[in-house]
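Enquirer: Summarising the annotation, TrEMBL assigns repeat 'WD' to 11-43, 93-132, 169-192, 193-234, 235-274, 315-347.
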Amino acid sequence: MGNSGSAVKVCTDHQGGINWLSLSPDGQRLLTGSEDGTARLWSTADSQCHGHFQGHESYITFCHLENEAAFTCSADHTIRKWDVMTGQCLAIYRGHTSIVNRILVAKDYLFSGSYDRTARCWSVDKEKQIQEFRGHRNCVLTLAHYSSRDVLEEEEEEEEEEEKVSRDLLVTGSTDCTVKVWWVSSGRCYQTLLGHTGAVLCLILDAPNRELFSGSTDYTIRTWNIVTGEQLKVFKEHQGSVICLELVNRHLYSGSADRTVKCWLVDTGERIQTYKAHKHSVSTLKYHAGILFTGSGDACARAFNSKSGVLQKIFRGHKFIINCIQVRKGLLYTASHDGTLRIWDIRGICKRNKRLSRLFNNKVGCMVQQENGEHEAVELM
C-alpha cells in the first residue's frame with residue numbers, strides 16, 4: 001500500500017485539547033476550537049496556521065467557519081464572530097448564563113444552545129439577540145434549522161400571520177430527553193417530540209423528505225415526521241449511547257458508545273452493516289467517496305469500505321480521543337483532545353477503495369479485502 005494514509009503533518013500549535021474542527025464552504029480553510037481558549041485558522045492548500053483568534057475567557061466548546069467569518073462559542077457564556085483575514089473580533093454575543101455548547105449559522109441568523117436550558121437566535125450582523133427559546137428542562141445539546149417552505153405545501157400552512165413573515169424553524173435536542181421544534185419569528189414551540197428516555201445527543205435533518213433523526217443515550221435512533229411530529233421508526237440495535245449520525249443517499253450511519261458504527265436503510269429501518277474494530281466509543285464519523293471514516297475514544301481514526309464493512313486502514317498517532325474529522329481533496333484531518341491536528345494522505349486508499357468496491361459489487365470483493373487485513377498508518381515527519 002506504500003504511503004497511502006500516512007500522516008503528512010502534525011500541527012501542535014494549540015496548548016489544549018481541540019474540541020471541534022470546521023471546514024469552510026469553499027474548502028479553503030479549516031477552523032479549530034480548543035480548550036486553550038483560542039481558535040486557529042488553517043489553510044487546506046499548505047496546511048499552515050494563518051490565524052490565531054484570542055479573546056475568550058474560557059475554553060472553546062464548538063466553532064463554525066464561513067468563507068469570510070468564523071464563529072466560536074465558549075464556556076465563558078459568549079459567542080464571538082471573527083474576521084478570517086485580520087483575526088479581529090467583529091462581534092461578541094452576550095446573553096447566555098451558562099456554557100454555550102453549540103452554534104449554527106443559517107442565512108442571517110446565528111443560533112446557539114446552552115447549559116442554561118435555552119436556545120437563542122441572534123442577528124449575525126447586528127450583534128443583537130432576536131429570540132430566546134425557553135421550555136427545555138435541561139441543557140440544549142444539539143441544533144438543526146429548516147424553513148417550512150422546504151417541507152410544507154401552501155395548503156398545509158396554518159401558522160399565524162406573524163409567523164408567515166419568517167417561516168424558519170429551529171430544532172433543539174436536550175438532556176431532558178425531548179426534541180423541540182420552534183418558530184424562529186415568535187419563539188413559540190411548534191412541536192415537542194416525545195419518545196426518547198435518555199439525553200438527545202445528535203440530530204440530523206432531511207427536510208426534503210420531512211424527516212428528522214435523533215440519537216440518544218437510551219441507545220436508540222428515532223426518526224420523526226417534522227410536519228406532524230409523528231414518530232416514524234425506532235432503530236434499536238445499539239448497545240450504548242448514540243453519539244453521532246451521518247445521512248448519505250438514504251443510508252443512515254450511527255456511531256455509538258458500544259464501539260460500533262451501524263448503517264441503516266432509512267426507508268425500511270433495516271440495519272444492513274455493522275462496522276467493528278473500535279476499542280472505545282465512536283466519537284465522530286464522516287462518509288466520503290464510498291469510505292466511512294471514524295474517530296474513536298481509542299485515539300485512532302479508521303477507514304471502512306462502506307458497502308462491505310471491511311476495515312481498510314487504521315490511522316494511529318493521536319494520544320487521546322478524536323473529537324472531529326474532516327475530508328478535503330485526498331486529505332483526512334483529525335482533531336483530538338491531545339491538542340493536535342493531524343493531516344493524513346488518503347489518495348491511495350480512495351483509489352484502492354474504488355477497485356475493491358467494484359470487486360465487492362461483483363460478489364468477490366469481500367474475499368479480496370479480507371486478504372489485505374489491517375494496516376497501521378505511519379507518520380512521515
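Positions of Cβ are set from backbone N, Cα and C atoms, glycine also.
Quantities reported herein were computed from a predicted structural model and do not represent experimental measurements.
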Enquirer: Taking the repeat 'WD' (315-347) as the reference, which of 11-43, 93-132, 169-192, 193-234, 235-274 gives the largest number of Cβ pairs under 8 angstroms?
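Expert: The stretch with the most close Cβ contacts to the repeat 'WD' (315-347) is 11-43.
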Enquirer: What does DSSP give as the helix, strand and coil breakdown of the repeat 'WD' (169-192)?
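Expert: Split by secondary structure, the repeat 'WD' (169-192) comes out as 0 helix, 15 strand, 9 coil.
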Enquirer: What residues in the same chain, six or more past the boundaries of the repeat 'WD' (11-43), come closer than 8 Å to it by Cβ-Cβ distance?
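Expert: Distal contacts: 49-54, 56-67, 70, 72, 74, 82, 84, 87, 320, 323-326, 328-329, 333, 335-343.
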